[in-house]
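Colleague: Please read through the structure below; I'll follow up with questions.
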């Protein structure tokens, strides 16, 4: 992507990023749902092996998502809410 197309795209995505960052977690059920829906690590990352020899390594593709940081932050907020406010064991979500 060249520089001239990046800035308008970034400007278009900025309000969505702000809305995602502004979400506050205040309900245990919502927090649990978010922790279950948002994976702890990228599900696309793979290593294809044959007899302990790595043939192909597929890198994590989640970072191509323009909202990746905001979504991971939302999962983190949910985990913190469940641990601090509800006193739940959050190791279930890892």
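Every residue gets a Cβ built from N, Cα and C, even glycine.
Relevant sequence annotations retrieved from TrEMBL are reproduced here:
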DOMAIN    12-93  domain 'Mo-dependent nitrogenase C-terminal'
Colleague: Mean pLDDT across the domain 'Mo-dependent nitrogenase C-terminal' (12-93), rounded to an integer, is what?
Modeller: 93
Colleague: Just to be sure I understand, if DSSP states are collapsed into helix, strand and coil, how many residues of the domain 'Mo-dependent nitrogenase C-terminal' (12-93) fall in each?
Modeller: 45 helix, 11 strand, 26 coil
